[in-house]
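Participant: OK, TrEMBL features for this one:
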TRANSMEM  123-140  transmembrane segment
TRANSMEM  152-174  transmembrane segment
TRANSMEM  186-204  transmembrane segment
TRANSMEM  232-249  transmembrane segment
TRANSMEM  261-283  transmembrane segment
TRANSMEM  354-373  transmembrane segment
TRANSMEM  385-406  transmembrane segment
TRANSMEM  412-433  transmembrane segment
TRANSMEM  445-478  transmembrane segment
DOMAIN    503-626  domain 'STAS'
Amino acid sequence: MCKRALQYPQVETPPPQPFLISLKNTLNEILFADDPFRKIRNESKTSKKIELGLRHMFPILEWARGYNLEYLKSDVISGITIASLAIPQGISYAQLANLPPILGLYSSFVPPMVYAIMGSSRDLAVGTVAVASLLTAAMLGKEVNAVENPKLYLHLAFTATFFAGLMQTCLGLLRLGFLVEILSHAAIIGFMAGAATVVCLQQLKGLLGLSHFTHSTDVISVLRSIFSQSHMWRWESGLLGCCFLFFLLTTKYISKKRPKLFWISAMAPLVSVIFGSLFVYFLHAQFHGIQIIGELKKGINPPSITHLAFTSPYVTLALKTGIITGVLALAEGIAVGRSFAMYKNYNIDGNKEMIAFGMMNILGSFSSCYLTTGPFSRSAVNYNAGCKTAVSNVVMAVAVAVTLLFLTPLFFYTPLVVLSSIIIAAMLGLVDYEAAMHLWRLDKFDFFVCLSAFFGVVFGTIEIGLILSVGISVLRLLLFVGRPKICVMGNIQNTEIYRNIEQYPQATAVSGLIILHIDGPIYFANSSYLRDRIGRWIDEEEEKLRKSEENSLQYIILDLSAVGNIDTSGISMLEEVNKILGRRDLKLVIANPGAEVMKKLSKSKFIESIGKDWMHLTVAEAVSACDYMLHTAKPDSQEKISGVPEFNNV
């Protein structure tokens with residue numbers, strides 16, 4: 001035992017807690033990390049608690065109290081601006097999902113109204129998105145042909161939207177939003193870029209005026225389908241499409257260079273639809289290879305709750321489609337909402353956003369809408385237009401309703417090639433080259449994750465790309481947990497500070513001991529690795545000391561300051577390490593264990609096995625105690641026993 005002349009404060013073990021209280025605290029930390037009910041809990045009056053609860057559930061009750069005429073003016077301008085973008089985009093994305101074009105307008109009416117009541121973002125503009133539309137078409141189209149059986153296909157799209165909304169609502173209510181974050185930022189960049197590439201290639205059908213096209217989404221199948229029908233290409237359609245695409249890209253470039261002119265790119269899709277329709281109408285281009293939308297039904301959303309298909313064999317298909325598209329929609333919508341909230345210095349509640357997305361998709365599925373979320377392009381326009389609250393979504397919905405009631409006949413002559421141009425122009429913005437290059441400079445593994453997701457989508461399918469994205473993200477997570485960093489620490493001269501000697505080359509090792517810093521929790525997944533790695537460090541240090549004929553190694557200090565938790569496998573590993581070191585006349589010393597670690601070590605009797613005097617608050621105290629022992633009270637057997645096997649061979 002170390003009967004030290006220098007006395008330091010002992011490492012304390014936290015007082016024991018009843019199991020139920022400990023479980024409650026753990027669940028609170030996992031599910032309610034932001035403590036959303038603290039205002040309600042601290043209020044004494046029941047009426048006030050009810051009011052705060054309603055304001056928590058319906059954010060509109062929070063911001064509506066301070067709403068004024070100035071806000072209304074800004075929101076009306078923003079709402080009309082995003083409506084000019086939502087109308088042509090909605091029609092285009094519905095076409096991409098192989099759904100009737102009118103559904104794109106329906107989906108820009110009911111869901112934004114619901115989000116305005118329940119959503120916590122001031123800047124998010126709700127609507128359909130291209131990637132989810134393409135994924136819906138790809139997954140449903142595998143088993144149901146939208147041309148041969150349009151009614152069943154439509155009903156399955158509504159059912160998939162219902163399941164997506166149900167899943168989103170459940171995740172929000174159960175506070176399980178962290179499950180959506182399993183997709184890393186790098187995986188999302190690659191997946192979105194791959195999906196955007198696939199969407200752009202799919203639009204070559206519309207640009208070239210083709211009637212028949214492959215249902216596959218991989219680049220090889222799409223290119224084969226295009227070039228095998230080269231004799232059917234319509235130059236009129238291609239020329240018109242290229243002209244509108246050039247116009248749309250030019251307006252985007254202008255708006256990017258001059259942010260104050262954001263409205264130019266926002267209005268460009270609607271202007272394209274208007275001029276394209278006039279072109280077809282006056283020149284009778286529909287008789288010369290230019291395909292048109294045709295008739296759109298007048299009137300607001302008809303009910304579709306009776307059209308939900310819960311019967312086999314298609315309910316499984318709808319459920320799978322709903323879950324996958326719902327997760328993607330959540331990831332995109334929450335990421336977009338948080339990015340704009342950061343710009344305006346306010347917070348959004350991810351779990352409340354999930355409930356809002358879920359409810360708007362559930363109610364949307366009851367009113368002839370398909371999957372909606374918060375697309376970046378529309379939200380960026382909303383933000384740049386100066387929106388103040390979610391009322392901009394209400395204004396957009398009213399504008400769409402007016403269009404549905406009175407203006408749909410005007411879209412009869414809208415050429416499909418214009419819709420293809422609108423989709424391509426929107427999708428090119430999702431291919432973020434700068435973000436990919438930033439990943440390359442910052443983290444090569446993240447760049448590999450990004451490329452894997454991209455190539456999985458482009459050369460496989462969107463599902464393969466999504467599986468690769470999730471799989472590699474999980475693999476990265478397992479690598480972080482299963483292979484925590486462990487480094488040797490040295491002393492920075494004239495201080496009591498100990499740091500990684502690779503990061504601080506000026507830090508010097510302490511004679512007779514080695515300090516190892518474990519940078520992460522110790523679990524069953526990494527305990528064997530840590531045992532082997534600790535052994536390797538010790539073997540290498542002893543070999544180095546033998547060659548240099550310096551003092552032999554006596555003490556192994558483990559710095560556990562970064563070890564937040566430890567399980568039974570980790571404790572078994574420490575016990576094994578301690579026994580092996582004991583057989584080699586080496587002493588294990590623990591520095592700076594946290595509260596959770598101390599509780600486990602105390603209950604397992606590990607502290608008794610190494611001695612409480614060998615548990616220290618800081619690395620400096622541990623080094624001081626070891627140094628004292630080296631110079632005054634050396635271990636019983638100072639000389640190393642010859643023939644003792646190396647650590648990893650014991």
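Here the Cβ of each residue, glycine as well, is placed from N, Cα and C on the backbone.
All annotation found in TrEMBL is predicted automatically rather than curated by experts.
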Participant: For the transmembrane segment (445-478), what are the same-chain contacts with Cβ under 8 Å, counting residues 6+ beyond its ends?
Facilitator: 131, 134-135, 138-139, 182-191, 193-195, 197-198, 216-220, 324, 328, 436, 439, 525
Participant: Going along the chain, which residues at least six beyond the ends of the transmembrane segment (152-174) come within the CB cut-off of under 8 Å?
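Facilitator: For the transmembrane segment (152-174), the nonlocal Cβ contacts are 31, 97-100, 103, 136, 139-141, 144-146, 180, 304, 307-310, 314-315, 317-319, 321-323, 325-327, 329-330, 351-366, 368-371.
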Participant: Counting only CB pairs under 8 A, let me know which of 232-249, 261-283, 354-373, 385-406, 412-433 has the most with the transmembrane segment (123-140).
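Facilitator: Against the transmembrane segment (123-140), the leading stretch is 354-373.
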Participant: Please identify the stretch among 186-204, 232-249, 354-373, 412-433 with the greatest number of Cβ pairs below 8 Å relative to the transmembrane segment (261-283).
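Facilitator: By the under-8 Å Cβ criterion, the transmembrane segment (261-283) pairs most with 412-433.
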Participant: Does the transmembrane segment (412-433) come near the transmembrane segment (354-373), with 3+ Cβ pairs under 8 Å (pairs 6 or more apart)?
Facilitator: no
Participant: Should anything in the same chain at least six residues away from the transmembrane segment (354-373) have a Cβ under 8 Å from its Cβ atoms, list it; otherwise answer none.
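Facilitator: Residues 94, 97, 99, 103, 106-112, 114-115, 118-120, 126-129, 132-133, 136, 157-162, 164-173, 177, 180, 301-305, 308, 325-326, 329-330, 332-334.
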Participant: Go through the chain and flag residues at least 6 beyond the ends of the transmembrane segment (385-406) whose CB is under 8 A from any CB in it; none is fine as an answer.
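Facilitator: For the transmembrane segment (385-406), the list is 59-60, 63, 67, 70-72, 74-83, 86-87, 90, 102, 105-106, 108-110, 112-113, 115-116, 119, 121-126, 262-263, 266, 298-301.
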Participant: Should anything in the same chain at least six residues away from the transmembrane segment (186-204) have a Cβ under 8 Å from its Cβ atoms, list it; otherwise answer none.
Facilitator: 96, 130-131, 134-135, 210, 213, 217-219, 222-223, 226, 331, 335, 420-421, 423-424, 427-432, 435-436, 439, 443, 446-447, 449-458, 462, 465-466, 469-470, 472-473
Participant: Could you put numbers on the helix, strand and coil content of the domain 'STAS' (503-626), residue by residue per DSSP?
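Facilitator: For that range the per-state counts are 63 helix, 22 strand, 39 coil.
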Participant: How does the model score the domain 'STAS' (503-626) in terms of mean pLDDT?
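Facilitator: For the domain 'STAS' (503-626), the model's average pLDDT rounds to 90.
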